[in-house]
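Trainee: Sharing a structure below in structure tokens format, with a few things to ask.
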Amino acid sequence: MFQNYISVALRNLIKHKLYSAINIVGLAVGLAACVLITLFVRDEMSFDTFWKDADKLYRMNTTFNVPGREPFVTVMAMGPAKGAIERYFAGEVEAVTRFNNEWPVIEYDNKVFSEEVYFTDPETVDMFSLDVVAGDIKQSLNDNSTLVVNESFAKKHFGDKDPIGEVMTLTYYATTRDYRIGAVYKDLPHNSVMDFRALIMIDEADFENFPWEYGHWFSVNNNIFFKLKDGVSIDALNARWKDFTDTMMDVRDQIEPGTNPSDFVTFSSQPLLDIQLYPAGDGEMKPTGDIKTVMIFSAIAGLILLIACINFMNLATAKSTQRAREVAIRKVMGARRGQLITQFLGESILLALIGLVLGIVLVEMALPVYSDFLGRELTFEYSDGTTLAILLGLIAFVGTLGGFYPAIALSGFQPSRVLKANKSAETSGSIMLRNALVVLQFTISIGLIVSTAVVYGQMVYGQNMDPGYQKDNMLVIRNVGRSGMLEQQEAFKQEVLRMQGVNNASLTSGRPADGNESNSSVEIPGNPEAGSILLGRQGVDHDFFETYQIPFVAGRAYDLSRGTDGTPSSEGAKEGEVLQGTVVVNERTIRRLGFGTPEEAIGKVVRMGVGDDVQADLSIIGVVPDINFQSLRQIIRPEMYVMSDSWKGNLTINFNGDAQALLSQVENVWKRMAPTVPFSYEYVDQALAEEFEAEQALATMLGGFSMLAIAVACLGLYGLASFTAERRTKEIGIRKVLGASVIDIVRLLIWQFSKPVLVANLIAWPLAVWGMMSWLETFPYRIDTWLLIPLCLFAGFIALMIAWGTVGGNAAKVARSNPIKALRYE
Amino acid sequence: MLKLHNLSKVYRTDEVETVALNSVNVEIASGEFVAIMGPSGCGKSTLLNIIGMLDSPSSGDYIFMEENVAGYNEAKLSNIRKQNIGFIFQSFNLIDELTVEENIELALLYHNIPASERRERVAHVMDKVGIAHRAKHMPSQLSGGQQQRVAVARAVVGDQAMILADEPTGNLDSAHGQEVMEMLQQLNEEGTTIVMVTHSPAHADYARRTINLFDGHVVTENLRAAE
């Protein structure tokens, strides 16, 4: 019996080559897409699960509540928080550690270079189960002149030499010290949010004069992790953050009387295992993923699989007419319905199995490109029990889902009717179901096209958005604020200005799209009710507005010839003195301060602290438009462009001509002036475009999988069209005899398949618009919502064209055939 | 009306060459009622298909209304066919998904006739064949005789000059068969040329002339004496 089933199944496969090929290829593509997405999703879910105490590790996140602005969230916290947690949560927390990255200048073997190094606390060893391959890591992190590095760091700098005991000289802030390599650990796997290649113990004494790193309560530079004691619930701890803030934050002298630290700062805990998928704010060691992305792609995987299953079902039911006779004869011979259902389900599962094998071949072929695109090494483990279970489950699921309806329908045929009438055994119900399924397939496809177009559109929009200043032909030289270059940065700027092709240059604290948060609070003299107002601040020089080509709405730029321009230095000032100066602000600042129109604001005064108990009254001399200097992904904040002698870390060059030639000139000067400082640069337009890299990746992936989905849906449509044409042979024959031309027939068949696509459009559009509008809401600056209408029309048009292309060829072939064959089949 | 001169039709497969028609010469005048008879496989249907321009001859001439159509391409043939020829089949060949009315209207759809005129003509022809009370029914709800009447109505609704009937009574009982034959006779009396393939000598008697085919040859032509 079983052998009979197998041989019938195989013969059927071979006999209906087109049908089999469509089914198997469609299924293989669907399964391959599904497996690829699953690999990505499982990888995302696996982040940091390998740490021994992963479930007990939490990170402290900080939210600053700035009046008049969106709360600012960072995943970093303040240096003193470590000690505060240890004391306040002594009963709950076992250990606390900090991570703070620096780029010290390193000298080794007569070479000078810079590497990222994380300063951390000795507790790290007890909290994170690092895989040590050499040396004693515990001892090393308890010693302020020992360096712990990972294998690739060791390999890069020491080659095949034994790294333990090698000595490197590190310079950072005021410290220059010899560090001995004390331990080497295995590189962290890619599926970790932790990313450090070298560790040094924090010795706070080294930072005494640089208290913002570990001493200040209003300066956040550390990723702080803590480990719960056994049996402690995080909820109990979370409930006490507010009290922790008010009890432990020693900032009473920095905030206004009558307010509490918890009015400005909110702490929260985030499980280590959640960090990868639930991005909380700025300051991660490396870019994280997002649960939304994971869910979007899981959904797409499901949808593609659904499309493939629908093909399966549709083609099988369509084909069922041709097998009516076989069913009838089997029934006459005594087959029970259950046996027939088993037979057809078995065939369906066999087909699914073949599809899976081909699908795995496709996965193996696509994996290198896919891994490359995702930037991580993904492999498909066959021996893994879970994988096998998933695959077998998938086969059973697809085979059963695809085969169930046809099995029921086929086995339900009445033999007498089928054998006698020899007419279409198909019920109108199954035709309706099939149309509904085609509608569903195209709804999914059209929805995916619309989504891809919107994501792509938003990306292009973001990348081409006018930030309000010149972004092309702008080169930013970084690191000009590092010791070695800091002292001579003005001379460096002058050298650059002399180069050919350089129009202008400006020293600034930040650079476009660095997202850096720096704020100062100001008061309005004579208006005590206004209180203290926090304003964003960018440190600039007098060439800033000219270099970035920022126009003025009112007033003027800084002028060096007027000695009074800019924020005065507190040096030499007496305690309690109020100095005089000038400032340029953006339009939002004017609104925040209630200064009326930009013209009216000129000459108005804000008071800002410039040193210990020294203040400056700054009169507004210029108002510029709201420019996106901080980030294109954030709402523009009220911002002051402060010209003072404060620290500046970037030199922006406005140039024309050959960028490469200029760059090498600048680099030569840099190497001559500051050989110990790494030369680092970026172009403004690229930096702005990089802000939308995540969307670019999303658009590419969406586009790729949408195409797969559509391809699978089209395969199904093609198969269905051929079957329909077969079913309508007689009708087509009659129409031709009555004078219908080939065109008439093609039109007839194409219209039949246009209807479900048109209906699918009507369903897909509102769904896609709704989904995409909520996606777009995450961007403060986004494409016009009305643009969704042409995008929907475009997607519908594409889908219709694809459907026509798929059906048209077949229809033409059928329409050209001789009608007499169709009409004489009795 | 039409003239077949030395017309042959040969079917070729890989190994076998079958001669379906061998140098057939037939002439049919306008307004004639001709029956074609002969045993199974003698070429009756092939002859009818060629006359109906559903098939092309392998050699010879086919002059239809003073035009030699033997070498015409499908589009041209289709055009001549829809203007002049109506078909009636043994198995009725109605479209199951369309109503009686729509089935008849189908013959006018490809003629660029306005909808109002189409409705009028369909109504008229349904009256004529006595099927008007079934206008909204589906073919599956009708008896065989009724279905064939719909087919006849469809064949003549376009005012075709000639009707080709391929065993129109083959699937009907004798009473219904007779009904259909009387209808054809009436159409013939109104001036329509009728060419009919049949196995039934009784039904062949409705025709004024009978062509007997055997193995692709015309063997005899009997003219029925006028009554």
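Just so you know, the numbers here start at 1 and follow the chain as drawn.
Note that Cβ sites are derived from N, Cα and C of the backbone, with glycine treated the same way.
The annotation domain 'MacB-like periplasmic core' is assigned in TrEMBL to A:20-242. Annotation source TrEMBL lists transmembrane segment at A:21-41, A:294-316, A:340-367, A:387-410, A:431-456, A:698-721, A:757-776, A:788-807. Annotated domain 'ABC3 transporter permease C-terminal' per TrEMBL: A:299-414, A:705-804, in sequence order. TrEMBL lists A:505-525 with the feature region 'Disordered'.
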Trainee: Are there residues at least six beyond either end of the transmembrane segment (A:431-456) with Cβ under 8 Å to its Cβ atoms? List them, or say none.
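Mentor: Hits for the transmembrane segment (A:431-456): 300, 303, 306-307, 310-311, 313-314, 317-318, 405, 695, 698-699, 702-703, 705-706, 709-710, 713, 716-717, 720, 753, 755-757, 759-761, 763-765, 767-769, 771-772, 775-776, 783, 788, 791-792, 794-796, 798-799, 803.
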Trainee: Take the region 'Disordered' (A:505-525) and count its residues per DSSP category (helix H/G/I, strand E/B, coil), listing them in that order.
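Mentor: Per-class counts: 0 helix, 9 strand, 12 coil.
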Trainee: Would you list the DSSP helix, strand and coil counts for the residues of the domain 'ABC3 transporter permease C-terminal' (A:299-414)?
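Mentor: Result for the domain 'ABC3 transporter permease C-terminal' (A:299-414), in helix, strand, coil order: 99 helix, 0 strand, 17 coil.
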Trainee: Residue list, the transmembrane segment (A:387-410) vs rest of chain: Cβ under 8 Å, 6 or more residues beyond ends.
Mentor: 27, 31, 34-35, 38, 305, 308-309, 311-313, 316-317, 319-320, 323-324, 327, 340-341, 343-345, 347-353, 355-356, 380-381, 427, 430, 433
Trainee: Where DSSP helix means H, G or I and strand means E or B, what are the helix, strand and coil counts for the domain 'ABC3 transporter permease C-terminal' (A:705-804)?
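Mentor: For that range the per-state counts are 87 helix, 0 strand, 13 coil.
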Trainee: Averaged across the domain 'MacB-like periplasmic core' (A:20-242), what pLDDT does the model get? Just tell me the whole number, please.
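Mentor: Mean pLDDT across the domain 'MacB-like periplasmic core' (A:20-242) comes out at 92.
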